[in-house]
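Colleague: Pulled these from TrEMBL:
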- H253: active site, proton acceptor (ACT_SITE)
- 84-86, S113, Q135, T163, K229, S251, 284-288, 307-308: FMN binding site (BINDING)
- Y137, R172, H253, R256: glyoxylate binding site (BINDING)
- 5-358: domain 'FMN hydroxy acid dehydrogenase' (DOMAIN)
Amino acid sequence: MLESGPEMSLVCLTDFQEHAREHLSKSTRDFIEGGADDSVTRDENIAAFKRIRLRPRYLRDVSEVDTRTTIQGEEISAPICIAPTGFHCLVWPDGEMSTARAAQAAGICYITSTFASCSLEDIVIAAPEGLRWFQLYAHPDLQLNKQLIQRVESLGFKALVITLDAPVCGNRRHDIRNQLRKNLTLTDLQLPKKGNSIPYFQMTPISTSLCWNDLSWFQSITRLPIILKGILTKEDAELAVKHKVQGIIVSNHGGRQLDEVLASIDALTEVVAAVKGKIEVYLDGGVRTGNDVLKALALGARCIFLGRPILWGLAYKGEHGVKEVLNILTNEFHTSMALTGKLKTFFSPDLELKAGWLKNRNSSPSL
């Protein structure tokens with residue numbers, strides 16, 4: 001594991017959060033940490049994990065714990081990947097290029113955001129061997145969507161992640177108070193010339209009319225697997241299967257969109273049950289420890305995606321800070337697996353629950 005330097009020793013993800021709070025400007029800190037409205041869901045994402053208890057099994061040979069898994073057929077070193085977040089240059093000069101290099105070094109997937117502050121080409125050049133997916137906010141202009149998707153595909157991105165839960169922007173009070181919308185610019189949502197940044201939120205709005213039947217159009221223009229991000233209910237999960245997408249990210253946008261929805265981990269079981277193993281299910285929101293990763297996998301997630309903690313690591317030491325965050329969480333997860341008697345990451349939710357690996361404090365012992 002990388003050394004943090006003589007000035008301080010950061011040993012868990014919340015240490016990086018505290019460092020970021022102390023060193024970032026108020027407006028940047030608020031942009032990263034802020035939730036929608038009263039931030040109930042943002043806080044519940046974390047609290048909900050803590051209501052789940054582990055039931056360890058001992059006298060098992062855990063001398064060779066294997067954290068590897070696969071997502072969409074691609075091997076990753078651990079089920080801990082990087083969620084799409086925008087404007088990484090707010091916290092580190094090289095922005096998403098540093099994030100991509102860290103993901104490549106760790107052997108995990110990085111979902112690049114539509115709102116990246118570096119160009120897609122520069123991100124690919126920075127980490128040419130990295131596993132990359134691209135997150136899309138659907139634009140009302142179909143031609144713009146098509147050109148961006150074709151560009152992403154030609155650059156070697158391996159999946160298209162369509163965000164569903166942001167037809168309009170959530171009520172983020174801190175950003176409104178800080179007048180953040182006047183100050184941010186967007187690099188990649190532009191046609192056709194490069195180099196002309198578009199002011200964030202002054203561009204043509206994200207599509208407010210995207211519907212289930214539109215997915216067939218996306219499927220017709222790309223060979224990439226399509227992952228839907230933002231599903232929280234069995235009804236939408238069943239529709240995702242019906243429309244033949246390849247994956248779901250259970251997510252509430254880090255509590256930044258509609259407040260007072262279910263915590264991601266609380267929605268996971270419902271979604272996993274609905275898809276019946278037909279497509280892969282992932283999770284983001286609230287993961288802060290190796291135990292959290294273990295709980296998500298035991299409840300049916302194929303892997304988890306980290307949002308805010310990646311930005312905390314980036315703010316600390318750029319690429320090396322992100323590597324440290326990933327190393328710490330992976331080491332914690334390895335320890336959690338060993339101490340619960342799990343040797344591999346390929347969990348079966350039905351078997352895990354029947355075996356009593358988890359217990360929710362607010363429900364029966366069988367969960």
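Every residue gets a Cβ built from N, Cα and C, even glycine.
Caution: TrEMBL annotation is automatic and unverified by curators.
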Colleague: Could you tell me the C-alpha distance between Y137 (glyoxylate binding site) and G286 (FMN binding site) in angstrom, no decimals?
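Modeller: Distance (Cα to Cα, whole Å): 22 Å.
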Colleague: Quick check on the binding-site residues: of P84, G86, G286, whose CB has the lowest count of neighbouring CB atoms inside 10 Å?
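Modeller: Ranked by other Cβ atoms within 10 Å, the binding-site residues P84, G86, G286 bottom out at G86.
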Colleague: To the nearest whole angstrom, state the Cα distance for the pair P84 (FMN binding site) and R256 (glyoxylate binding site).
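Modeller: For P84 (FMN binding site) versus R256 (glyoxylate binding site), the Cα atoms are 13 Å apart.
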Colleague: Can you check which residue among the binding-site residues K229, R308 has the largest number of Cβ atoms within 10 Å of its own?
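Modeller: The residue with the densest Cβ neighbourhood is K229.
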Colleague: Could you round the CA separation between Q135 (FMN binding site) and the residue listed as 'active site, proton acceptor' to a whole angstrom and send it over?
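Modeller: Spelling it out, the Cα of Q135 (FMN binding site) and the Cα of the residue listed as 'active site, proton acceptor' are 13 Å apart.
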Colleague: Relative to the mean position of the Cβ atoms of Y137, R172, H253, R256, the recorded glyoxylate site, which additional same-chain residues have Cβ within 8 Å?
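Modeller: Checked against the 8 Å cutoff, the neighbours are A36, D165, A166, C169, G170, G254, Q257.
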Colleague: Please list, in sequence order, the residues in the chain of H253 (active site, proton acceptor) that are at least six apart in sequence and whose C-beta is under 8 Å away from its C-beta.
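Modeller: Within the chain, H253 (active site, proton acceptor) has Cβ neighbours under 8 Å at T163, D165, A166, G170, G230, G285.
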Colleague: So what's the mean pLDDT when you look at the domain 'FMN hydroxy acid dehydrogenase' (5-358)?
Modeller: 91
Colleague: What is the number of other Cβ atoms found within 10 Å of the Cβ of Q135 (FMN binding site)?
Modeller: 24
Colleague: What's the longest C-alpha separation between any two of Y137, R172, H253, R256, the listed glyoxylate-binding residues, in angstrom?
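Modeller: The two farthest binding residues have Cα atoms 18 Å apart.
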Colleague: Which ones in the same chain are close to R172 (glyoxylate binding site), with CB under 8 Å and 6+ residues apart in sequence?
Modeller: G34, G35, A36, R256
Colleague: Here are some binding-site residues: R256, R288. Which one has the most Cβ atoms within 10 Å of its Cβ?
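Modeller: Of R256, R288, the one with the most crowded Cβ is R256.
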